Amino acid sequence: MKSNYINLNTHSGINGASGNNNGKMSLGKSIKMYLTIFIATTCIYMVLYQYHISREPFAAGESVKHQEKSSSYFASYLWSPISLLMANSSSNINTKSTTTSTTIAPTTTTTSAGTVGSVGQKLGGASSASIRMVSLAATIPTFISSSSELRSGSVGGHRKTATTKTSTTKTTTATTTTSATAGGLAITKLTTTTAKTSAKTSAAATPTASHSDNANKTRPTFVAASEPPPLYIITPTYRRPEQLAELTRLGYTLKHVVNLLWLVIEDANKTNPLVAHTLDRIGVPYEYMVAPMPEKYKQTKRAKPRGVSNRNKGLEYLRLHATEGVLYFADDDNTYDISIFEQMRYVSKVAMWPVGLVTKTGVSSPIIQEGKLVGFYDGWIGGRKYPVDMAGFAVSVKFLKERPKAQMPFKPGYEEDGFLRSLAPLANTEIELLADECRDVLTWHTQTKKNAPAQALNRTRYKNTNLEYIDKLLVRP
Ligand code: UGA
Ligand code: MN
């Protein structure tokens with residue numbers, strides 16, 4: 001209409017010019033010219049008035065949104081202000097529906113993989129770059145939240161789920177064909193939002209960073225990896241009220257570590273079904289054995305060699321069954337940062353590192369100067385060659401097997417020292433220094449308060465209640 005007006009004007013200008021050339025204008029021609037100018041002016045007023053009216057009902061926020069509309073928006077308005085209003089409302093609906101699809105994204109993620117597959121196949125490679133980015137971003141949180149599912153092989157499900165979201169976006173685009181610009185705007189916004197999400201996610205978990213780098217990939221990258229060297233964790237344990245709690249806590253720490261065999265060895269004459277049940281429930285690969293403390297040590301009123309027969313039983317097991325990897329003595333009551341397990345895995349002979357103590361000394365640690373082991377820091381040295389804590393060293397299985405006589409002495413306070421000495425020859429320079437060259441604390445010698453055994457249950461009073469079941473789960477000495 002605007003261009004029509006210009007044409008009319010130009011046309012009349014030409015007429016005017018030709019009229020001047022002729023010297024005078026006929027009455028019919030001048031009436032025609034005035035009519036044309038009148039109609040054109042009326043049109044302009046109508047256009048301006050209706051444009052003014054059409055802007056008034058929108059809220060401030062809406063006006064801002066629609067400022068981005070292009071010239072085609074203006075042109076369509078000139079042709080039909082009503083259709084423009086409809087287009088406005090339809091684009092609003094579309095914007096909302098797109099927003100909704102963003103909001104419901106996590107819900108969609110939880111849908112089962114089964115039905116979604118065909119949708120993904122239908123769409124194929126037709127998605128635009130921005131849409132792919134949306135699907136990728138949607139995939140990332142799924143990978144993080146359910147890594148166990150990922151391991152169990154349902155990767156395809158996640159990928160398919162992501163594609164469903166792509167189809168949602170696609171549908172939105174289809175419904176906005178009448179007002180393509182508005183729809184396009186909405187999609188751009190959606191892409192921006194999800195891109196931000198992906199950036200946040202990759203910051204939170206570095207392993208996923210590669211996913212967001214390869215924005216056009218929806219499949220997780222397969223990296224072939226051989227098993228890391230095995231870890232053998234020797235844990236002495238004994239019957240007491242805290243036993244199951246300690247084992248549960250340690251067990252779930254070990255559950256974070258791959259290729260690990262947990263050797264749980266109880267200072268007892270026979271295994272306890274409650275312990276076996278606890279170990280089963282935790283689900284870490286384990287061997288449950290017994291190794292009672294010799295009677296002569298049990299009877300003594302002096303300090304007892306705690307956990308020694310258990311650890312020696314573990315060493316015996318390794319000599320018979322293990323060929324490679326690393327062994328570590330993890331008392332059932334201590335505290336472990338799982339990164340120490342990954343560090344000790346690759347030890348070739350012996351490794352040491354600091355152990356946090358809950359004593360005045362604060363820590364038991366090798367002393368390192370200019371990268372070299374120059375001594376040991378501990379609250380009590382006691383003439384030991386290796387004044388270290390049980391939680392502060394690991395030994396390679398091969399190295400142990402090269403020393404057939406190596407074992408732990410029944411000598412309270414000298415268990416670690418005695419065992420490490422029995423590994424001779426071992427030069428201090430051969431001792432690997434873990435935990436950031438002994439500048440970090442990743443294990444702690446903690447102690448649980450000793451508790452008196454639970455009192456016997458009043459069976460008459462609590463007959464036929466759950467307490468009868470629970471009572472059977474309590475460990476009493
Ligand atoms: C720890 C070590 O385990 C001792 O071997 C070491 O001599 C001592 O530090 C030290 O370096 O001074 P602590 O933490 O006091 O001793 O002892 P506990 O935690 O009570 O026992 C150590 C391990 O042996 C635990 O895993 C525990 O379950 C087990 N244990 C304890 C037994 O198997 N039998 C017992 O009678 C007592
Ligand atoms: Mn302890």
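In case you wondered, yes, glycine gets a Cβ from its N, Cα and C as well.
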Per TrEMBL record, range annotated region 'Disordered' [choices 93-118, 197-222]: 197-222
Alpha-carbon distance [Asp333 (Mn(2+) binding site); Glu416 (active site, proton donor/acceptor)] in Å: 17
Annotated recorded positions Asp333, Glu416, Gln455, filtered by Cβ under 6 Å to ligand 2: Asp333
Spatial separation of Gln455 (site 'Interaction with galactose moiety of substrate glycoprotein') from Asp333 (Mn(2+) binding site) - C-alpha basis, Å: 23
Packing count at Asp333 (Mn(2+) binding site) (other Cβ atoms within 10 Å of its Cβ): 20
Neighbouring C-beta atoms (10 Å sphere around the C-beta of Gln455 (site 'Interaction with galactose moiety of substrate glycoprotein')): 8
Cβ neighbour count within 10 Å of Glu416 (active site, proton donor/acceptor): 21
Where Glu416 (active site, proton donor/acceptor) sits in the secondary structure, as DSSP reduces it to three classes: helix
